[in-house]
Each structure stands twice: as structure tokens, then as C-alpha cells.
């Protein structure tokens, strides 16, 4: 009998938490997709010039594209 | 007696129906702001040119499936972990192994480099996250200085240091994430909310504040406040396990890779999914995703052994990379964006540029 009681109290408190969580999520401040998209585009645009995988730097400046072999002097 | 704490009209049934109607309200509010698609806005952006990306280094040395890898902030060193319990630190320029340690467990699913470059963290089927200081003293046994930091009640699936060597964030098969103090091993905060195993996590770029995103077997991606432990936002549009989550470099969005064979982009301020990266011909799960420096490209490793490169804004695939001979299990772009590293069940890691 006691077990049943505590189970139902836990379920109730879990359900209450779920409702509170959903209330918070439902009523959060949002912006329009058009604005969000514009900002994503703007960020890309501002940084694409320095993106070494899109605007390749000369091979001599990218240590992975360089042809020279790395040797350690022992 | 049993009704203690219960408000007058409140019953389990009424709370459940309130939850259902709130879910509907959430979708309604999200839909109101869905005025355009990202790829439509991106129509005016110039298309990307041809890509020449090749394997520039192959790191061989693991005796079994590579499960995880992470870059050091020095843009050169890499830590990787595998199914046979081995954790190796490599110099990616020379392909030399600098350190190696054997964990007491198999399936080391998570590993991370400390921001200082002086330590690594790893864990897996041992349900723990342990920190190993890296020493260059040849006489010192790395395993001797091991420090157990995190304790979960199921496998460790992901770990990451925060901004310093002092705190570690972990994700676990026990359905929770947790923040730990490295020095004392104390639990600082725990994050409950996922309904199943948590498989991945990523910290927001430091400028954006104290949040992180996690993905799990409950198909949900959840964004958390690190200080309060509260879930701030959650997204449930994937149709299967979410294997990987990664923030867009500005911190305003994040990408996810899933067993449903798609990758998706979620914008945090619009609070919705804004892009899906998929093709009918791609039927195997995406195991790991990461953005290029500008956020324009999304690299995704798949269980069909390939890596697909996606134009994040236009939603199209720009390249497909072959080379691995088994599933790609892990993928990270280097800190300065000059290359990315992929790890695979074929026992190797490849550096692409």
C-alpha cells in the first residue's frame, strides 16, 4: 500500500515538472526564421575568407598540404 | 494521506493532458515564426567551387576500432581511443605516437584533450572518466598518475573539458550528463531529462555563455544551462538516435548527426530545425559531424564508410570523400580549420585537407 502511494506521488511530481518545463519552453522568446537565417548567412560571409578549407592558403602555409617531409634530428 | 501535496483539481490525468496541450502550444508558437526556409534565403549566396580534399596523413597504430578523437589546441596533436582499450596521443604533422596508455576497460568511447595540452581525459565501459597528465619523462608510467574524476552508472559516451583543465562535462548511457571538478572529483551539477542513453555533447563557444547541447537515444537534442542544471530548449525531429551534436561557430545554432541517415541544423533563437542534410541514396547513419571554421561546410562521417561534405546554407552536398575501409566513427575539424581528422572502425585515423 505504501509503495503504491509513493509511486503515485513521484509520478505526480514528475508530471508537474514536465508541465513546468513545457510552459517555460512554450513561452520563450523566439525570432523569425528569416532573421535567424540572415544572421547565419552574415556570419558565414564574414568568416569565409579565413576558412582554410574553402579559401585554400598557399600550400607552404598549410602544414598538412606541404610536400616537405618532417624529420626529427636525433 | 496520499493526497498530501496535491492541489485540488490536480490529478495525474489532468497534468498529462495539460502537458499534451502545452506541446501543441509549443509547436504552434514555433510555426508562427517559420516564415521562410534557410536554403531559400541562401539562394542569393554564391555557390561554392570545386573541392579538392584528400587524405594527407594516415595514423596507424590502433589494434582495433577507433571510437573517438580530439585535437589539442596546438592544432597539431591528437588524442584517439579505441575498442581495445588503447588511448594514443599523436603528432599529426609527423604521424609519430607521442604517448600511449592502455585503459583497464575495452570500448573507450570518449576521449578529450585538456585546453592546456597537458592532460587527456577518457572513459567508456568502465562507467568513469579518468584524467591522465601527459608527461615527457620517458621513465614515468602514464597510467600511474591516472585520476578518476567522473562516476556514472552506465557507460561513458562523451566527455569534454570546459574552458579550463579544472572541469569536465560528461555524457553517459545512464541517461544523464554531469559536470565535475577535476581536482576533487566532486559532482558540480547533473543534467536530467533525456529519456534514454545520452550519446554526445558539445559546449557552446565561450563567447556565447554557459550552455551545452546533448543528443541521445531518445531522438532528442537538449540545450542545458550549466549553472542551474536546467534544460533550456529541446528538439525532437530526428527519427532515430542522435550520435553527434556540434555548435555552429557563432553559437546561434547547432548541427546533429543521426542513425536516421540525416544531419540537421537547429537555430537556437528561432527555436526550430532550419535545415535537413539528406539524400535518398544515403541510408546509413551519420556518426559524427563538425563545421569548417566559417560554418559554411558541415563534414559528416557515416556508417557506410564515407564522409559527406554539405553546404550548410544551401543544403546541398558538395563532396563525398572515400578512403576509410569501415564505419567512420568520429570526426573533428582542427582548431585553426586547416584540416579535419576522421577515425574509423578500420583502425586508422585520417587527416584531410
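Keep in mind that glycine also has a Cβ here, set from the backbone N, Cα and C atoms.
Among the features that TrEMBL reports, coiled coil is placed at B:9-39. Under the heading repeat 'WD', TrEMBL lists B:59-91, B:149-190, B:191-234, B:235-276, B:288-320, B:321-353.
Simply put, out of B:59-91, B:191-234, B:235-276, B:59-91 has the most Cβ pairs sitting under 8 Å from the repeat 'WD' (B:321-353). Per DSSP, the secondary structure of the repeat 'WD' (B:288-320) breaks down as 0 helix, 19 strand, 14 coil. Long-range contacts of the repeat 'WD' (B:288-320) within the same chain: residues 38-39, 41-43, 45, 47-48, 51, 53, 243-250, 255-257, 261, 263, 265, 275-277, 279, 282, 326-333, 336-337, 340, 342, 344, 346, 352, each at least 6 residues beyond the stretch ends and with a Cβ under 8 Å from a Cβ of the stretch.
Across the repeat 'WD' (B:321-353), DSSP assigns 0 helix, 16 strand, 17 coil. Across the repeat 'WD' (B:149-190), the DSSP tally of helix, strand and coil residues reads 0 helix, 25 strand, 17 coil. Mean pLDDT of the predicted structure over the repeat 'WD' (B:191-234): 95. When DSSP labels each residue, the repeat 'WD' (B:191-234) comes out as 3 helix, 23 strand, 18 coil, counted as helix, strand and coil in that order.
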